[in-house]
């Protein structure tokens, strides 16, 4: 242990405010202290990914909005791909992917989602940053809260709430912009010409953001959020979480200026870890439901350790195994990692396959059931089929229908190509005839083909198996 | 009771059971009271806006003028307005013009499915697959012609088959020869009938209805329509009266079709659905049904 002269004034300053910090029981607003540090920087970096949420809708691709979830027309546009309801099996894979991603991240590094990425955390962080800019550090904020209403207080408070509501508004507005043309939304929204659903959504998001990030804050994580609890059970003893090294820190004790042969642990009981905690918990009590593993206490503790001349890492990312002196497993040897990775890979492969093999043309075949077959006057058997041609392109296409599977088969009603409108299913009725004597079995598998020349000049094809049914032999 | 209340000053009702079990007079929670008053306001508002209080014969109507039947009717109007787009077009078109338009054909088929189910499927089956004694509509064998015009005629005016009972006209061996001939004709699609059979067919008056070629056609019109009296085509593989075969054919020859006074005679009657006679279906409905029947699979 370094034996370094501790700056007396800095330690005094720490203890002066130590009594202000206590564990959150929900009865009052948490005014967390903001300290710089590497985790703080990482937190801003991760949070900045959310800028995509605000800017993404303005991205254009081939003259259209790059990502547009067009609910009224039942189409999702993702750059050049168009996803129709028929492709929605990919959505289940996407949900699987994110569910497993949440599980694997939580199992490895705890509630990293909660701490760095969750919109509740990020928006609350931004809201409190604004609060700090306007009202000052925590002590000043607490004082202002207690102060009687005055013109000055009213001015500061109304600016703060105004900005909060504005952020809430743009949160809602940006959400809506993913579902309708963003530029058109700007042109219509403020003149009362946008869809009623747009106004309702923006109103809901404005109020929701304002209340959740402005007032409920960490209470949302404590009492509202199911994921907080779900993730709690995904942790195990090998999960890396921000943790207090109890063996090194205890017994905690305040440093004295004239400290010489010290017997206490490394924790100087300055309460800085509690001070910076956005949920107001005490990390020294161990992993708990209120801890969103945002690692801000690591920054705080490291700073204090530097000040009092003790090594960093009293609070650090560590597993329970490590803190309790048990052997730790390397990441790659944990079966859990491989099982999760396998599922992630499968889901991702499925989505990639789906997105790359989005066929411009799809064919479905319904065999007529009443009657299953008809005997014609020339002694042949006729089956009736309803074809459903799905055109997933943006242009009308003309689709040629063919059939194979029996060499004496005649296709009736498919002389003219089916004119398939873009983004919709066009039904067509066709008949297939086979001479009765040429039928070898009661059921004859056949395959319908659909073929079209796309406006780009490429050929698109689709196939669908069906059956030809004849009389009992 | 209040005098010997062992728990004075705690705001209880004074009812005490089992020495210490008592009921307190705490007010309900505020949120609960707010909910109660809000519900009362809601009821007041609702009964002013919507039909509610039973006063005399009719309940109060409510100032919004809403009623379930009005909502139902406005729903019907919406459906009718949506259909009008197609119905107006269909009104001015012939059946053949409708069939030439794929979009209108789709609409007509969907719309006529109900009509077919209500009026036709009892005899002809839900998909036009026929029933014993009732012709299949999905095949290409038409007793009275399969053009749209002929189909319309059949639906409007109905049909009544007729065939003389030959049990006392023909000798028993002649009956067997003819019945055998009918089976041969059916199996060979008109190419393999015996000479004796053909001779009987020609001399015993069968050609008058079944035609010289035994295909049920008496003459062909320039527009493709055929002149028939509804007699079966004997040169195809389809049997008018199930199950087909020797016994079946012989039965038909012996007892005829729709012969009064002949107990075993075949019945072949289709009622008229036209507006002139029984007045069951409108012109538009018949038009739709013609499209539907024509598109079942055998229309000509």
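Even glycines carry a Cβ here, placed using N, Cα and C.
For the recorded site, residue B:120 (heme c 1 binding site), the DSSP three-state label reads coil. If you look up TrEMBL, you'll see B:120, B:123, B:124, B:270 marked as heme c 1 binding site.
The feature heme c 2 binding site is assigned by TrEMBL to B:163, B:206, B:209, B:210. The number of other Cβ atoms within 10 Å of the Cβ belonging to residue B:209 (heme c 2 binding site), over all protein chains shown, comes to 18.
Marked as domain 'Cytochrome c' by TrEMBL: B:107-186 (among others).
What TrEMBL lists as domain 'Cytochrome c' is B:192-297 (among others). Over the domain 'Cytochrome c' (B:192-297) the predicted model carries a mean pLDDT of 89.
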Maximum Cα-Cα separation (Å), residues B:163, B:206, B:209, B:210 listed as binding heme c 2: 10
In the chain carrying residue B:120 (heme c 1 binding site), residues 6 or more apart in sequence that have Cβ under 8 angstroms from it: B:128, B:137, B:289, B:293
For residue B:206 (heme c 2 binding site): DSSP state (helix, strand, coil): coil
Cα-Cα distance maximum in Å, computed over every pair in B:120, B:123, B:124, B:270 that the record assigns to heme c 1: 10
Alpha-carbon spacing, residue B:270 (heme c 1 binding site) to residue B:210 (heme c 2 binding site), which is rounded to whole Å: 20
Helix-strand-coil residue split for the domain 'Cytochrome c' (B:192-297), DSSP-based: 35 helix, 8 strand, 63 coil
Remaining residues near the recorded heme c 2 site, that is with C-beta within 8 Å of the centroid of the site residues B:163, B:206, B:209, B:210: B:205, B:207, B:208, B:231, B:232
Number of helical, extended and coil residues in the domain 'Cytochrome c' (B:107-186), per DSSP: 42 helix, 5 strand, 33 coil
Heme c 1 site shell beyond B:120, B:123, B:124, B:270, criterion: Cβ within 8 Å of Cβ centroid: B:119, B:121, B:122, B:134, B:135, B:137
